[in-house]
Every structure is written in structure tokens, then in C-alpha cells.
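Peer 1: Before I ask anything, let me first share the structure, which is written out below as C-alpha cells.
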Amino acid sequence: MTITRILTCLLICLFIRIPAAGTKTTQLIFKRFTEETCQNDPCLNGGTCTPGKLSCTCATGWMGRYCHRKCRNIYKSCDRWAVEDKCHTILTQTNFFDVNCAISCKMCSPDPNYVAPEIPLAPALEPMQFFLGKWHSRASKGLRFPTDLYDTEYEEIIDIAPANVPMFGPPSLNFTSTSWFGDDTRVVHGFITLKPNSFPPEVAILSTSNEGLNMIELGTLKHHVLTLNVSYMQVHPTMDSKVLPLGATRRLRRVGSLLEMTVAKLFSENKVSQFKKMFKKIADYAF
């Protein structure tokens, strides 16, 4: 079994685990619009708010609860699902087909002049959309997540991009971190996913690096602040244990146009290393 399959199986087990006795899980539930809601008019791009409805009535070319996205299908199987009458036969059970197959299910009318990006952002991942892009940082010290560099300075690019949606399972974002100075290059590849209908959103990052470290980070997204804890580490025997933390927490949040990452790492003898980095966006992704 490959490392990717192992990490995926671990993620599924963590996300569908049975809650312990006495704990409560909160499910995201959308409330219907009220007269007061419609007075504030949350609908965008010419959409109409109607009391009693769950979403706005969108103008041509737009979709989403608030008409905030261009009208399009998210899944390539939408036309087939529509032929199988998936759009309406299970409408009372889920709104999956309404929001992910809006054109095929005739929930919106596309703009003929709009050229949609090849890879869309799945609606389930919209809480993470403000992290999308390529982010660059230049550090004056070797402090880094998950392991420090031996040099006293380095550069890093974090790339968070939409990924093709799977036929089954939760959608994800591609995640890549590249850090370098001279001949020392550290690369981390992985993906980010959210637990469906969780509130606040439960987030997981599964990653593997060219250092020989595989990780699972679990956390929550609250008020546009993503807090993650390392929940699983698989270490290659040849990896330098001196730079490997026993545990780590990192926090990502937007500060204006910048991305802030705050890290705390725990080492033996209760030694704690803390640092903060600021990233500037150098590229964006349309979705």
C-alpha cells in the first residue's frame, strides 16, 4: 500500500470517527431568509432575496447562495447525473446536485461570454478560498515548519491551488511548500480538505516531504483563522532527529493582502521554538 493510500485511509478514519461520550458535533445548517435578512439584501450581482427561501434568485450567469459565483458545473459527471434524475429525486436529502451541477440541474443560466477556468473550486471548499494562491516569504533565520534549515536564511513559496474534484470522497486543495537556500531545498507536497457540513469547519492537511516526513495536521477554521496541530508523523530512519519536533502547532490567517503563519514547535526537555512569517501573494487562481 502506497504512502498516499495510507494517509488517505487515516484521514477518512479521523473524519468519520465516532464522537466520544459526552461530546457534541455541530452540523452546518443554513437558515431561511427572513424579512430582516432581505432588508439588508445579501444577494450579489443582481440577485433577488425572497423571505422564506434558502438562497437568492440569481441573475443570468451567476449561482451560489448569494449569487457570488459564476454559473457552471463543478463535476464532469453532472450531465450524466441529470439524465439519471439525480437533481430532483433526492432534493429533500441533499443540495449536493443543486450547488455542484447548477447548469445540468437548471439551477442557473450560464453567461455565454464567460470562459470558465478548467479546475473549479468546489463549493464545499469556499471557506478556504482566501488562502488560494502562491505566497512568497524571505526569512532572515533558518526557522521553518516542519523542520528548520541549517542555513541562517532562506526563501519559501507556499502554493495552494484548486484540485480536480474526485468522483467520490471530499474535494481538496493541492498544497505545496518549497523552501530553499543554496543547494538545500525542502519540498512538501500534500492536500487540504474539509470535513463536510462541519461547523466550525474541520480541516486536515495530509503531506509528504523529500526529507522523509509524512504528516497529518488537523484543526479548525474560525473567523478566517486556520489553527492546525500535528496529529500524525511517519519519519524515515535516515532523517536528522535533531531538527524533528515532538509536536507542532501552526496558525494561518490573512492580514490585509498578506498571509501570516505563526508556528510553535515542541522539542525534548520541553524546549519550545516559536516564530512568525509573513507571505506576500505573487500569483492567484481563478475559480
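Note: Cβ is positioned from N, Cα and C throughout, glycine not excepted.
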Peer 1: Cys56, Cys58: which one closes the disulfide with Cys43 in Swiss-Prot?
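Peer 2: Checking Swiss-Prot: disulfide partner of Cys43 resolves to Cys56.
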Peer 1: Give the three-state DSSP assignment (helix, strand or coil) for Cys58 (disulfide bond).
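Peer 2: For Cys58 (disulfide bond) - judged by DSSP and reduced to three states - the answer is coil.
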Peer 1: Are there recorded positions among Cys43, Cys56, Asn229 that sit within 10 Å of Cys67 (disulfide bond), Cα to Cα? If so, list them; otherwise say none.
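Peer 2: Matched recorded positions: Cys43, Cys56, sequence order.
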Peer 1: Give the distance between the Cα atoms of Cys58 (disulfide bond) and Cys49 (disulfide bond), rounded to the nearest whole Å.
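Peer 2: Just about 9 Å between their Cα atoms.
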